[in-house]
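TrEMBL has this to say about the protein:
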type: BINDING; residues: 2, 95; note: Mg(2+) binding site
type: BINDING; residues: 4; note: substrate binding site
């Protein structure tokens with residue numbers, strides 16, 4: 001999944017000392033923890049590198065963190081290949097134009113309710129919740145329910 005605009009509301013605060021901060025939802029974090037417990041691999045792919053993203057990924061023990069990759073489709077395909085997954089076995093959640101090809105390629109492409117039109121157009125599923133406000137948790141719960149968990 002993408003980070004900014006999916007796990008966050010897309011806002012990045014830049015402080016006067018040059019550091020940045022982001023807000024991540026505890027609801028979304030618990031959804032990711034639940035996926036881990038169910039044995040489902042989780043990956044984050046972000047177009048920009050961020051210490052805040054690294055810290056949150058570390059806290060949630062996200063095993064696959066890819067930052068600074070604006071070609072999300074290529075990054076997702078490379079990761080899927082490394083993990084031995086076909087596109088039909090992949091769910092990708094993104095919110096913006098650069099996510100649209102990855103959303104379209106994935107077996108299940110998802111966009112938060114607050115996504116840009118390009119992402120919404122190709123998504124198989126649009127979450128009812130907003131980015132950074134439980135959209136990821138909503139999708140995690142649907143994945144688990146579909147697996148009978």
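Just so it is clear, glycine is given a Cβ too, placed from its N, Cα and C backbone atoms.
Listed in sequence order, the residues of the same chain lying 6 or more apart from residue 2 (Mg(2+) binding site) and placing their CB within less than 8 Å of its CB are 44, 45, 46, 47, 72, 93, 94, 95, 96, 99. Looking at 4, 95, the binding-site residues in this record, the fewest other C-beta atoms within 10 angstroms of the C-beta turn up around 4.
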